[in-house]
């Protein structure tokens, strides 16, 4: 598992997979 930051339309959040 690993996490990375996702930013879209000024909103950033962390996604883990």
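Backbone N, Cα and C define each Cβ position, glycine as well.
Quick look at what Swiss-Prot lists:
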DISULFID  3-16  disulfide bond
DISULFID  7-12  disulfide bond
MOD_RES   17  arginine amide
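Under 8 Å, Cβ to Cβ, and six or more positions away along its own chain, residue 16 (disulfide bond) finds 1, 2, 3. When the Cα atoms are compared, residue 7 (disulfide bond) and residue 17 (arginine amide) turn out to be 16 Å apart. Counting only residues at least six positions away in the same chain, the Cβ atoms of 1, 2, 3 sit under 8 Å from the Cβ of the residue listed as 'arginine amide'. Take the CB of residue 7 (disulfide bond) and look out to 10 A: across all protein chains shown you find 8 other CB atoms. Using a 10 Å Cβ-Cβ cutoff, residue 3 (disulfide bond) registers 9 neighbours.
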